[in-house]
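Taking it in order: structure first as structure tokens, then the write-up.
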Amino acid sequence: MATPHINAEMGDFADVVLMPGDPLRAKYIAETFLEDAREVNNVRGMLGFTGTYKGRKISVMGHGMGIPSCSIYTKELITDFGVKKIIRVGSCGAVLPHVKLRDVVIGMGACTDSKVNRIRFKDHDFAAIADFDMVRNAVDAAKALGVDARVGNLFSADLFYSPDGEMFDVMEKYGILGVEMEAAGIYGVAAEFGAKALTICTVSDHIRTHEQTTAAERQTTFNDMIKIALESVLLGDKE
């Protein structure tokens, strides 16, 4: 039945949900990649759709910006609608010199300055990691599509406009591939409620060089990332 944030019924969502931050990107994915897509959520404008990809039922829904927002939606999808796998498909910023604009990054793990997972984990550090099989399937899907995806750590920041520029030096030292705002929270929710999760990002801007994609590009041109996510679902079904 419907929750405070999702006005759908059991069965409206597939067991796998792709989740961009922007609900308009969710609409774009549904209209571009899914067949027979229908809207299953519109509460607070957080659009959700269910359709099929190569005959496989798949859903896509926005999760908003930041760990608090994505935690609400992922928790409700898992506990109230039976979702088993969540794939975040979003954008990230780069700090490493060899990571370039529009590179695809598969988030094997996610560091964070948020305290949300410490609250969940009795004030201890929780290793926020993606599901191994989902990582492997995404890597295999990328190879099959001819996309040279990078695999490694993300950093999920609580602040988009960070006052601590020195932290980027630390991220570079530790080899952080991308800075975003949700992966660590999604991995924590998935672990807490027995689901599986993965984050795939496209580099939308470079923090060092100040190169960036436009808002329109972020909504419509990150197709390699979406194809990797969708094809990885099909590979997972073969296991």
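Placement of Cβ uses the backbone N, Cα and C atoms for every residue, glycine included.
Quantities reported herein were computed from a predicted structural model and do not represent experimental measurements.
The following features are taken from Swiss-Prot:
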BINDING   H5, E180, M181, E182, S204, D205  purine D-ribonucleoside binding site
BINDING   G21, R25, R44, R88, V89, G90, S91  phosphate binding site
MOD_RES   K27  N6-acetyllysine
ACT_SITE  D205  active site, proton donor
SITE      R218  site 'Important for catalytic activity'
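In this structure, of the recorded positions K27, R44, the smallest number of CB atoms within 10 A of the CB marks R44. Rounded to a whole number, the distance between the Cα atoms of S204 (purine D-ribonucleoside binding site) and V89 (phosphate binding site) is 12 Å.
Neighbour counts of Cβ atoms within 10 Å were compared for the recorded positions H5, R25, R218, and the top value is held by R25.
The separation of S204 (purine D-ribonucleoside binding site) from S91 (phosphate binding site), Cα to Cα, is 6 Å. Within 10 Å of the C-beta atom of R88 (phosphate binding site) sit 28 other C-beta atoms, taking all shown protein chains into account.
Around G90 (phosphate binding site), the same-chain residues six or more apart in sequence whose CB sits under 8 Å from its CB are P20, G21, E180, E182, T199, I200, C201, T202, listed in sequence order. Residue density at G21 (phosphate binding site): 21 other Cβ atoms are found within 10 A of its Cβ, drawing on all protein chains shown. Cα of R88 (phosphate binding site) to Cα of S204 (purine D-ribonucleoside binding site): a distance of 15 Å.
Classification of R218 (site 'Important for catalytic activity') by DSSP places it within a helix. With a cut-off of 8 Å between CB atoms and residues at least 6 apart in sequence, the same chain places G21, M65, G66, I67, S156, A157, D158, F160 near M181 (purine D-ribonucleoside binding site), listed in sequence order.
Taking H5, S204, R218 as the recorded positions under consideration, the smallest Cα distance to R25 (phosphate binding site) is found for R218. Here the Cα atom of R218 (site 'Important for catalytic activity') is found 7 Å from that of S204 (purine D-ribonucleoside binding site).
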